[in-house]
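Visitor: Summarising the annotation, TrEMBL assigns domain 'Uroporphyrinogen decarboxylase (URO-D)' to 22-31, 143-159. The annotation substrate binding site is assigned in TrEMBL to Arg27, Gln28, Ala29, Gly30, Arg31, Asp76, Tyr155, Ser210, His323. Under the heading site 'Transition state stabilizer', TrEMBL lists Asp76.
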Amino acid sequence: MPRTADSALLRALRGDRPAHTPVWFMRQAGRSLPEYRELRVGTRMLDACLDPALAAEITLQPVRRHGVDAAIFFSDIVVPLRLAGVEVEIQPGRGPVFADPVRTRDDVARLTSIEPASVAAAAGPVRDAVGIVVEELGDTPLIGFAGAPFTLAAYLVEGGPSKEHLRARAMMHADPEAWHGLAGWLAQVSAAFLGAQIEAGASAVQLFDSWAGSLSPADYRAFVAPHSRAALEGLGDIPRIHFGVGTGPILADMRLDGLADAVGVDWRMPLDEAAAVLGGRTTVQGNIDPALLTAPWPVLEAHVGDVVARGRAARAHVVNLGHGVPPETDPDVLTRIVGLVHSLQP
Ligand code: CP3
């Protein structure tokens, strides 16, 4: 029995109602923390991700500071692509940028000729970092993660960040075969990255399909869901969280027929409505509005209370933000939210 099995997070992911509602924050390890900014001076983002001691320390910082119910592994969704030998950088203030965008059938063929197994083979630094983290965390769970095929493709096809992800969405229709080749390969790459984190001791995983909300439900079902499913299948008995932004119209699809134990909800949809859509077999995660982190405390306090109250409509609830912590967030506000959530009746 793993040491984290009775933690509030794992119990909530299994559908129990633990004595307090678990809370953690997407992007809790990052720029909102002065101790993070200090450690990162002089090291590029992806180099930091592949330095086991550094990645472990950054992963642990928010757990020590805020007392959150879980750590999220400090890494990035493009790390497995870097491990596969793809030329990618993360530009500060911008995001992932690829030297060679993958736009044509030939581009897809070149990329997918790389064995996904090469990711597992190169993932030593990831395993080492996870090992250090779980040792220090004791019975606090570590959440491993990966990018979903569509969100990764949104960067890869464009060559960098984009608003509407037009090129990736166009490829689905212009060349479905190339699209499925690309997304199927990305699913294997993400699965390999998740597998490395699980082998080294992660207690749960989250699949980030951050940009899935840009898809029509029909496109989501035909071109995306099968590949997200493939990324999450075959990981053994581990709780799975599936997250996206603006996913109201596809929320039920994001259950992946029960493969996801929990579905992340952003701030646009109240959790009681989300619970009604998801039915009684899925835990909800979310959905504090990141915009309210700068509001006066009484306003934020009432909002967090409302989120927890609406979360009672679901079988279980993991409190989080609707998306990541904005870099300019006062970290003391996050600590205060953790105290508040833990004090509220689940
Ligand atoms: O605390 C955590 O959540 C763990 C670490 C984590 C990072 N990226 C670290 C990071 C996680 C889970 C991610 C996932 C990720 N990366 C996603 C999905 C989640 C989401 O936000 O929707 C996406 C889309 C990416 C791609 C990416 N990486 C972007 C858009 C950016 C921001 C660029 C910027 O500077 O604004 C990154 C960089 C990144 N990833 C940072 C961190 C801490 C900032 C790097 C820095 O400190 O300069």
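Backbone N, Cα and C atoms are what each Cβ position is placed from, and that goes for glycine too.
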Visitor: What counts of helix, strand and coil residues does DSSP assign across the domain 'Uroporphyrinogen decarboxylase (URO-D)' (143-159)?
Guide: 10 helix, 5 strand, 2 coil
Visitor: In whole Å, how far is Asp76 (site 'Transition state stabilizer') from Arg31 (substrate binding site) when you measure between their Cα atoms?
Guide: 14
Visitor: Round to the nearest Å and give the CA-to-CA distance linking Tyr155 (substrate binding site) with Asp76 (site 'Transition state stabilizer').
Guide: 13
Visitor: Measure the Cβ-based neighbour count of Arg27 (substrate binding site), defined as the other Cβ atoms within 10 Å of its Cβ.
Guide: 17
Visitor: Among the binding-site residues Arg31, His323, whose Cβ has the fewest other Cβ atoms within 10 Å?
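Guide: Selected from the binding-site residues Arg31, His323 on minimum Cβ neighbours within 10 Å: Arg31.
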Visitor: On the DSSP side of things, how many residues of the domain 'Uroporphyrinogen decarboxylase (URO-D)' (22-31) fall into helix, strand and coil, could you say?
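Guide: Its residues divide into 0 helix, 1 strand, 9 coil.
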Visitor: Which whole number is the mean pLDDT over the domain 'Uroporphyrinogen decarboxylase (URO-D)' (22-31)?
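Guide: Mean pLDDT for the domain 'Uroporphyrinogen decarboxylase (URO-D)' (22-31): 97.
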Visitor: Work out how many Å separate Asp76 (site 'Transition state stabilizer') and His323 (substrate binding site) at their Cα atoms, rounded off.
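Guide: About 15 Å separate the Cα atoms of these two residues.
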Visitor: Output the one of Asp76, Tyr155 that, of all these recorded positions, has the highest number of other Cβ atoms within 10 Å of its Cβ.
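Guide: The largest 10 Å Cβ neighbour count belongs to Tyr155.
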Visitor: Using Cβ-Cβ distances, find the residues under 8 Å from Ala29 (substrate binding site) that belong to the same chain and are at least 6 apart in sequence, listing them in sequence order.
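Guide: Looking at Cβ-Cβ distances below 8 Å from Ala29 (substrate binding site), excluding near sequence neighbours, one finds Tyr36, Ile58, Thr59, Gln61, Pro62, Ala71, Ile72, Phe74.
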Visitor: Over all pairs within Arg27, Gln28, Ala29, Gly30, Arg31, Asp76, Tyr155, Ser210, His323, the annotated substrate binders, what is the largest Cα to Cα distance, rounded to whole Å?
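Guide: Result: 23 Å between the two most distant Cα atoms.
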